[in-house]
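Accompanying notes for the structure given below.
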Amino acid sequence: MNRTTLILFFIILSNTITVIHGYVRGCYYTNWAQYRDGEGKFLPGNIPNGLCTHILYAFAKVDELGDSKPFEWNDEDTEWSKGMYSAVTKLRETNPGLKVLLSYGGYNFGSAIFTGIAKSAQKTERFIKSAIAFLRKNNFDGFDLDWEYPVGVAEEHAKLVEAMKTAFVEEAKTSGKQRLLLTAAVSAGKGTIDGSYNVESLGKNFDLLFLMSYDLHGSWEKNVDLHGKLHPTKGEVSGIGIFNTEFAADYWASKGMPKEKIIIGIPMYAQGWTLDNPSETAIGAAASRPSSASKTNPAGGTASYWEICKYLKEGGKETVHQEGVGAYMVKGDQWYGYDNEETIRIKMKWLKEKGYGGAFIWALDFDDFTGKSCGKGPYPLLNAISSELEGESENPEITTEEPSITETEAYETDETEETSETEAYDTDETEETSETEATTYDTDETEGQECPERDGLFPHPTDCHLFIQCANNIAYVMQCPATTFFNDAIKVCDHMTNAPDTCI
């Protein structure tokens, strides 16, 4: 398709019109960012107008029976106030064409409940019916599945997704409404991809695939690296040649996912380390500890982009890595890897050349959303994405025309009540801010390890906090994040509350 030609296809399906638009610009909104103090506090009113084609509201949850539930006390409307669901979906009134999806799950939610649903026909049916009712009740345009990860249950996962798509189509026919969109956030790790996804089946049923091409490196490793880099780099120690955006996207495409459905993930935050030797700063430099606490992550190890801008003003030195396409900043013994405007523009040009469907960000509250930290106006990173992708139509994405919505009141921001469930979730978020790749990596101990099978994830023989990722019979010893262990039954790094007594 010629880049200068705008083609509109009108498909009559279920009494609705489906229109093909340009590149996707997806934006995750996190419902726990409301609890940050001061300049980090983020509410629906902070969401920009016109920069996102899709807003993904993170997160909702589901119980063991399969029933949909809100995560926060103020997600839904009450008799006395409008909730954050309404505040976010209301943005469509001033942004025609915007789609707002509800994202279910997330890293902290885990895999067990989704697995139980997928393995039970009765629970699957209940889950789908509940989800449709919940989405319609709260005026969402679709469902985003953030199941991290369906390792070992790829076929059950695929059948669940197929059943959801079928039900969404049938519901649109009977209701006369536009079909609910069905999307997913998925792993960029080869081992997880191989063990979790029937890609050919998913390619037929997902409307969009949000590739979490970040957190490929982090402070769980003992060497610094760019966690969302585009290409492999010299000096990389773990995931050599495969822990990069290009490999992950191309691998999904090679396994049968249509390129126009693959949406490239761009982090709005940095992964950080404390250098062992501040004079050694190149990729691969030794760093045995996470970076210091930040305002967005008191546990350390990450920092938002707006915090990076402040560190730069305080004397940090930024280097753009041309080979890998990523940036890093060094300030004393603190090392942070991230994307800036320059590297994002390179990534956008790359994805257009490769034929991918667009980009998405994790997350809105990590960009300089106030414009006060970087001195470049609000949302410098998201604006870089939007300016490169807006108006393009090389790889269109299919959505349906806007439904009618009921007039709602403005979101009320003076609520102060907070439940114990919210407090627990917010604490979890400080441990893992990116809601993405559950497995994390350390390849210092690969020597001498053998692969039981050509590809897959396997327990470490002596340490429950490690596991072995095999790719083409090459063994990589990986390390789970702090306070987790490798659960071989579900093939993920799981919370220690589920660990056997022998795992200390």
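Numbers here mean position along the shown chain, with the first residue as 1.
The backbone N, Cα and C atoms fix where each Cβ goes, glycine too.
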Member of CYS480, CYS503 annotated by Swiss-Prot as disulfide partner of CYS493: CYS480
Second cysteine of the disulfide that Swiss-Prot assigns to CYS27, among CYS52, CYS309: CYS52
Collapsed DSSP category at GLY105 (chitin binding site): strand
Rounded distance in angstrom between the Cα atoms of GLU148 (active site, proton donor) and SER213 (chitin binding site): 14
Largest tally of Cβ atoms lying within 10 Å of a Cβ, found at which of the recorded positions GLU148, ASP215: ASP215
Binding-site residues (THR78, SER213), the one with most neighbouring Cβ atoms at 10 Å: SER213
Site with most surrounding Cβ atoms, counting all protein chains shown within 10 Å, from the binding-site residues TYR107, TYR149: TYR149
